[in-house]
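Please find one structure pasted underneath; my questions will follow.
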Ligand SMILES: [Zn+2]
C-alpha cells in the first residue's frame, strides 16, 4: 500500500481506473477494550492532541480563506504534518496515519458543508471541537494488529486487552478507538465479497411493514410488534439526569460527576434500543424472504397532517402535527432508519431482500378495495364505507405497502419509489 508522494495517482483517479467490485461489502465490528489506567491516560492524551490538530487545521482553513481567499485542501495540510512533528515533538508520539485521518475528517466536514451550500441549504460552518468533544481516533490502514485472540496492539500505545466476542469475516481494513463515557471500544471494519448466488432464503413469504409510533411495527399479516416498555422509563431517567447537571455549578466536581452519570444513562438507552432492533430485525429476516417498507426519506417530506378547524368557532384544533413533529418523533425516526438498514444488511446475508416503496396514501387507501377513506392521525381504525373492511389503521397501511410492492413488480418498477399507478375516488390531501 505504500506509494510515493508525487508520482502516485490521486485517490479519485485510482477509483476511476479500477472500480470496486460491486459485491464488495464492508462490515464493522465493535469490541470492548479494557485498557489499564496508564493506557487510558495515554489514549486521553492522544484524543486531546488530535482535537488540537483538528482545531488548528480548521483555524488555518478559516484564516487562509478570510485573509487571502485561498482554500486550503487536505493534501496541503497533510504535507505540513512532518514540519509540525518537528516543531511540536509530542506529535511524534502519534501514528502518522492517525494524524492524517484527523485532517481527513476535517476535510469531510468541509466537503459536506460545501455540498450543502451548493444545494442551497443553510449549513453550519464546521465547528471547533471544544472541551472533550473529540471521542475517537482512527488507524486507517496500519499501526494496529490483533494478537492471540485477546490483545490489540496499537502503535505508540502497546497491547490493550480486547474482548473479541465474535469472529470477524473478511479482511481487516481499519481500526477506530472510541471513548463512550467511561468505556473504550475498538471498531474494526472488514471487507469481504458477498456472493448472492450462494445464499438462499428458505421461505418465499413476503411481508409489508408499517413503522409507527403507537406500535413499533405493524405487519401486513396483522401481527403487531410492540414498542419495548422501557423506552418511556428511559426518557424519564434522561430528563432527570439532565436536571441534575443543571443543578450544579459549571465546572464543579459534582457537575462533572452528573455528566458522567448522564453518559451512562445514554449508553444504556442506546444499548437497549440497539438490542431490541437487532433481535426484531433478525426475527423478520428469518421469517420472510421479502420485507417491504415505506421509503422514509420521502415520507417525512410529504406527511404533514391537514389543519383542523372547529366548525362553530373557526378555531384551530389539535391535529396531531405537534406530536408528529415532536422530539419523540425525531428519536423514533432515527430509530426507524437504523432499523430498516439493519433489516437490509441482515436480509442480504440471508438471501432475502428489503424493498422500499413510495409512502403516498398508504394510510388513506382501503387495502381491500382501493377506495380512498380519509382520516387524520387521531383515527386509529380503518372502516371502509365501500366494501365494509374493518381493520386497524396501521394494519391497513402495512397491507397497502405490500400491495404497492406487488404493483411495482407488475410494472417492473422494482423498489424505485413510484407514485401509485391508479387511485379510485378523490385525491386525498396529504
Ligand atoms: Zn374498501
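Cβ coordinates are placed from backbone N, Cα and C, and glycine is handled just like the others.
Grabbed the feature section from TrEMBL, which reads as follows:
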type   : residues : note
REGION : 1-22     : region 'Disordered'
DOMAIN : 27-66    : domain 'Transposase putative helix-turn-helix'
DOMAIN : 201-302  : domain 'Probable transposase IS891/IS1136/IS1341'
DOMAIN : 336-401  : domain 'Cas12f1-like TNB'
Residue counts in helix (H, G, I), strand (E, B) and coil for the domain 'Probable transposase IS891/IS1136/IS1341' (201-302), per DSSP?
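Taking the domain 'Probable transposase IS891/IS1136/IS1341' (201-302) as a whole: 60 helix, 16 strand, 26 coil.
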What does the DSSP secondary structure composition of the domain 'Cas12f1-like TNB' (336-401) look like, as residue counts for helix, strand and coil?
24 helix, 13 strand, 29 coil
Can you break down the domain 'Transposase putative helix-turn-helix' (27-66) into helix, strand and coil residue counts using DSSP?
30 helix, 8 strand, 2 coil
